[in-house]
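Since the structure comes first, as structure tokens, the remarks are kept for the end.
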């Protein structure tokens, strides 16, 4: 067995988020033994000293604003969800109960967003060396499963009502409750509404901080969906109030709104599965990333390109870049880093520089993944 010399260049300076990796030199390697670093870069990598920005004494104002909005909206949502459950029970309306189930999806998503904002501030450990961001995904999966159970029970009760026909609905109570539901959803929408268009016209993190917080934006979209459902319940309440013989509208609305609730959770479940399966996250195109890297002067080829996400909004990248023999490794590294961060704003990037070899053309391990 041939001997291998390992030069360990790992520097774990306290608070730093940019690390030199390990350089291996082997006689059997097809890569020439040149001193080229493997560098891991995070979003803070442009600032190697963090003394100027103490996250403990100067909390992120964007996260603080998002947290306040979510606290207000979740409190309103919880109070009225309980009110809708009581109102739906008194009115004997499954449609209102289904609307309450949709409020449960809103409340769960807000709690998950609040939890994500809190847990993302926790420091990484030797065991959880990427941090605790995936806890948000597990919470989302749990909330989806619980909502499915509640919706399934309501659909079962609606089927029983249509079959038996032995039920009465108090139209006045249903009308009052559904009217309040519309008003409350409008209030929650105003509480979560953010000014600005959410577009970035620059590549700096200062520009991105002016964009809408993704957690608040997701909660706002949930509330808009629930507002539309509440309007539907209000229309059904008017029909039943003036035409009590049309009481079957209530279980029919339950079916329709259950589909809406399940449709909402399916989009969440799709995102959860994509993160857990470490698929390429939404908003990041694999081919675009590959072409962007190949367009850098001095880059001849690349391989081992992997793009995944810690959470839905935190993409991660690792790649090996093969450069020309006369190319400046540090210059290529800087350009590649800046272009990737400017376009995709990766949470963490690991870029390893190698010298290009003709053997890479026929190496199966250097080929890209299937379409």
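Here the Cβ of each residue, glycine as well, is placed from N, Cα and C on the backbone.
The membrane topology recorded in Swiss-Prot keeps residue 64 and residue 293 together on one side. Feature annotation (Swiss-Prot): of 39-59, 249-269, 270-290, the stretch labelled transmembrane segment is 249-269. Residues 70-90 are the range that Swiss-Prot records as transmembrane segment, among 70-90, 196-216. Looking at 173-193, 341-361, the range tied to transmembrane segment in Swiss-Prot is 173-193. Taking DSSP states H, G and I as helix and E and B as strand, the topological domain 'Lumenal' (158-172) has 9 helix, 0 strand, 6 coil. According to DSSP, the secondary structure content of the topological domain 'Cytoplasmic' (121-136) in residues is 2 helix, 0 strand, 14 coil. Between the transmembrane segment (220-240) and the transmembrane segment (137-157), the number of CB pairs under 8 angstroms, six or more residues apart, is fewer than three, so the stretches are not in contact. You'll find the Cα of residue 295 (phosphoserine) roughly 14 Å from the Cα of residue 303 (Zn(2+) 2 binding site). Within 10 Å of the Cβ of residue 226 (Zn(2+) 1 binding site) there are 28 other Cβ atoms, across all protein chains. Residue density at residue 320 (Zn(2+) 2 binding site): 19 other Cβ atoms are found within 10 A of its Cβ, drawing on all protein chains shown. For the binding-site residues 102, 222, 303, the greatest number of Cβ atoms within 10 Å around a candidate Cβ is found at 102.
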